[in-house]
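Quick look at what Swiss-Prot lists:
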{"type": "COMPBIAS", "residues": "218-229", "note": "compositional bias 'Polar residues'"}
{"type": "COMPBIAS", "residues": "240-249", "note": "compositional bias 'Basic and acidic residues'"}
{"type": "DISULFID", "residues": "72-151", "note": "disulfide bond"}
{"type": "REGION", "residues": "192-289", "note": "region 'Disordered'"}
{"type": "SITE", "residues": "79", "note": "site 'Implicated in ligand binding'"}
{"type": "SITE", "residues": "163", "note": "site 'Implicated in catechol agonist binding'"}
{"type": "SITE", "residues": "167", "note": "site 'Implicated in catechol agonist binding'"}
{"type": "TOPO_DOM", "residues": "26-36", "note": "topological domain 'Cytoplasmic'"}
{"type": "TOPO_DOM", "residues": "63-72", "note": "topological domain 'Extracellular'"}
{"type": "TOPO_DOM", "residues": "96-117", "note": "topological domain 'Cytoplasmic'"}
{"type": "TOPO_DOM", "residues": "141-156", "note": "topological domain 'Extracellular'"}
{"type": "TOPO_DOM", "residues": "181-348", "note": "topological domain 'Cytoplasmic'"}
{"type": "TOPO_DOM", "residues": "373-381", "note": "topological domain 'Extracellular'"}
{"type": "TRANSMEM", "residues": "1-25", "note": "transmembrane segment"}
{"type": "TRANSMEM", "residues": "37-62", "note": "transmembrane segment"}
{"type": "TRANSMEM", "residues": "73-95", "note": "transmembrane segment"}
{"type": "TRANSMEM", "residues": "118-140", "note": "transmembrane segment"}
{"type": "TRANSMEM", "residues": "157-180", "note": "transmembrane segment"}
{"type": "TRANSMEM", "residues": "349-372", "note": "transmembrane segment"}
């Protein structure tokens with residue numbers, strides 16, 4: 001029964017982590033640099049499932065080390081290497097999450113694939129530095145006990161304490177502190193709410209930001225009110241008395257573009273003047289007899305529309321909306337959505353890391369007791 005369960009876990013680990021690697025490498029939405037951590041972590045878990053767990057299962061079922069002594073030493077070194085790499089990967093991911101939340105602008109510009117690969121290489125070097133000493137320095141090895149051979153971890157106190165601190169306790173402490181800090185940052189940002197600087201209040205409609213009324217004012221004037229003229233008098237035109245009384249009332253918040261706005265060339269007819277009504281035919285094309293406005297306002301000339309902008313038609317003309325309608329609010333909401341995704345991902349990782357720590361803590365705690373008090377703190381073999 002134990003062999004069947006462990007075999008299922010081995011296959012499930014290999015299949016699940018292979019899907020993670022395949023998804024990150026093939027999906028465009030998952031090709032963010034930080035997802036390289038997941039690829040490397042999944043590779044470490046696959047190596048554990050293929051090179052470590054099967055031999056551990058055989059050792060437990062047989063009760064002795066069936067394979068060669070040399071492979072035992074390599075097996076123990078690889079065991080420490082892959083397990084330490086997995087834990088340190090989780091520590092690196094937690095630090096990446098923290099910097100992405102606390103220093104979003106500065107860190108996201110530096111989060112390049114090359115930097116992430118350098119961090120991953122550092123993770124593997126740390127794991128190698130912890131796992132290789134038993135292969136290089138074997139210490140004073142007494143005679144092998146008679147009977148069936150055993151394959152056990154290094155029992156020297158200096159290695160037990162150093163490997164336990166480097167492989168588990170130090171990364172675990174870092175992860176707990178980092179995720180506590182991320183929680184405090186998320187809580188503080190939720191208290192601030194949407195009333196951040198430059199952000200629209202809840203229930204307040206987003207107002208479009210029309211562009212100024214002339215090419216020279218596009219780069220200098222921030223609002224439409226400073227550059228648009230609401231009546232024809234802004235261009236030197238006057239309306240006959242009584243014309244204003246016959247005009248159809250409009251939304252006071254709607255502004256029109258003056259006739260001085262440059263027009264687009266008509267196909268095959270050259271550039272028109274900025275004043276409408278040069279001929280009866282043109283008046284019929286762009287004007288409407290239902291709204292008897294002055295010649296300057298009877299119809300608005302075609303807009304020279306910048307790329308990405310939109311035109312809003314009104315009774316008294318056309319309003320050119322800016323390229324980013326509600327740019328400040330839109331940026332704020334995009335930033336808020338990004339932070340929400342960061343927090344959700346951080347929460348998922350915190351759950352995964354919490355379960356991981358609970359699974360590893362009993363082993364490292366009992367393993368460390370053998371170095372602290374080898375005579376009085378012996379852990380039962382079955383529990384270990």
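Using N, Cα and C of the backbone, Cβ positions are placed for all residues, glycine too.
What Swiss-Prot annotates, mapped onto the structure for a quick look.
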residue	record	DSSP (3 states)
72	disulfide bond	helix
79	site 'Implicated in ligand binding'	helix
151	disulfide bond	coil
163	site 'Implicated in catechol agonist binding'	helix
#### Entry: Cβ neighbour count (within 10 Å, all chains shown) around residue 167 (site 'Implicated in catechol agonist binding')
25
## Note on the structure
Most Cβ pairs under 8 Å to the transmembrane segment (349-372), of 1-25, 73-95, 118-140, goes to 73-95
### Close approaches to the transmembrane segment (73-95) from elsewhere in its chain (Cβ under 8 angstroms; 6 or more beyond its ends)
34, 37-38, 40-41, 44-45, 47-48, 51-52, 55-56, 67, 119-120, 123-124, 126-128, 130-132, 134-135, 151, 153-154, 163, 166-168, 171-172, 174-175, 178-179, 349, 352-353, 356, 360
### Summary
Across the topological domain 'Cytoplasmic' (26-36), DSSP yields 8 helix, 0 strand, 3 coil
### Task
Measuring CA to CA, name the entry from the recorded positions 72, 79, 151 that ends up nearest residue 167 (site 'Implicated in catechol agonist binding').
79
### Query
What stretch in 37-62, 118-140, 157-180 has the biggest tally of Cβ pairs under 8 Å against the transmembrane segment (1-25)?
37-62
### Task
Using a 10 Å cut-off, grab the number of neighbouring Cβ atoms around the Cβ of residue 72 (disulfide bond), all chains included.
17
### Task
Take the Cβ of residue 151 (disulfide bond) and count every other Cβ within 10 Å, whichever protein chain it belongs to.
18
## Note on the structure
Other C-beta atoms within 10 angstroms of the C-beta of residue 163 (site 'Implicated in catechol agonist binding') total 22
#### Entry: Integer Cα-Cα distance in angstrom, residue 151 (disulfide bond) to residue 163 (site 'Implicated in catechol agonist binding')
18
### Message
Please count the residues of the topological domain 'Extracellular' (373-381) that DSSP assigns to helix (H, G, I), strand (E, B) and coil.
### Response
0 helix, 0 strand, 9 coil
